[in-house]
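S.K.: Got a structure here, written out as structure tokens. Questions coming.
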Amino acid sequence: MPTKQLVTSYKQDQKLFPDVWHKIGLSLGVIVCLAYPFLAEGQWLTVANLALIAVVGAVGMMILTGFAGQISLGHAAFLAVGAYTVGTLGVHWQVPFWLALPAAGVISAVVGLAIGPFALRLRGLYLAIVTLGLLFLVDHVLLAFPELTGGVSGMSVPMHSWFVSAEEASTFGSFSEAWEVGGFEISFDQKLYFLFLAIAVFAAFTSKNIARSNSGRAMVAVRDHDLAAAVLGVDPGKTKIIAFGISSFFAGIAGAMYAFQQQYITVDPFNLGMSVEYIAIIVLGGIGTTFGAVAGAIAFVVLGPLAELGGEYIPYFNELSGGQQETLLFAGIVIGFLVFEPLGLFGIWLRIKRYFMAWPFRY
């Protein structure tokens, strides 16, 4: 079996892009990502925005569950906190989105740090039940203050201009207005795409660097065997709390992005099903890898439109609604990966990579 390229220094081993092939892949990826919003229209641009939102949320789940091994069924609660934070700040205080967005992440992180201490003595199913209780608690709180959150009816989420309040937007321009750059008109959805792309890239690179840092190695040690990690000098309690804080921060950012994309939110989408979906995403992509979070999120979001396109040609399958087709297809794929490829999409990529590393030999 081929191994990674020989490295002769720690600095060389720490490089994100160690060889020319990684750099070529990065360059091609940048070109595709920058060109996509000008080539895709309508539904597929919305699909791309939703995929980028899912990437950020999946990165948060991967850090907590994939790196630190803490099972959470309350991930949707942190997305709800982030979404309602930007909604409340925008509606009641006209806070511009570039301030509301990081505020959503910080407030969600505070909630995550408050839950973190419960992880010190709980693990597995017991921790999952506690985080599930958090999900119900957040839903109850959001419904209990309709003057702030809109209650059952929900609330609109204005995306105020870059640097000014809503009252001054007519003078200085708003983010929701179309821009003209170099003869090209950039629509609201395209601007959202570039904003979401920047956030998703930041989240992915942050996750990758966390995995290579001392904190990331401590998370993996706690995940594999917390008692052995403690003997080696790792503080399991501190490590779990850090994982909860970082994970909830990215979940809050993803919730804010979702609110900006939808422009109107209610508590209904932030349910147990959403939390389970994020667990399924990282299983599909590959547990414990940043690649798995990104690939799993993109695959999950793209499967919906593909199921609608291909489902009309499959007997009986075409009689189901779009949501039922998506759920059935995704459930079957996840089960298939669990049985035949436990490493997920990352495992498939690893086999392809090893094949070309060994070519023309077969070992």
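Cβ from N, Cα, C; glycine included.
Note: TrEMBL annotation is automatic and uncurated.
Here the structure is a predicted model, which means the values were calculated and not measured.
Marked as transmembrane segment by TrEMBL: 20-38, 44-64, 71-91, 97-118, 125-145, 241-260, 280-307, 328-352.
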S.K.: Let me spell it out: take the transmembrane segment (280-307), skip the flanking residues so only those 6+ beyond its ends count, and list any with a Cβ under 8 Å from a Cβ in it.
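M.R.: That would be 43-44, 47, 50-51, 54-55, 57-59, 61-62, 65-67, 200, 204, 207-208, 211, 220, 322, 325-326, 329-330, 333-334, 337-338, 343-347, 349.
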S.K.: Cβ under 8 Å, sequence separation of at least 6 from the ends of the transmembrane segment (44-64): give me the contacting residues as numbers and ranges.
M.R.: 36-37, 70, 72, 75, 78-79, 189-190, 192-193, 196-197, 199-200, 203-204, 206-207, 210, 219, 243-244, 246-251, 253-255, 257-258, 261, 278-279, 281-282, 285, 287-290, 292-294, 296-298, 300-302, 304-305
S.K.: Any residues 6+ beyond the ends of the transmembrane segment (241-260) with a Cβ under 8 Å from its own?
M.R.: 52-54, 56-57, 59-61, 63-64, 67-68, 70, 72, 75, 78-87, 97, 100-102, 104-109, 111-113, 115-117, 119-120, 157, 159, 192, 196, 199, 203, 210, 215, 219, 269-270
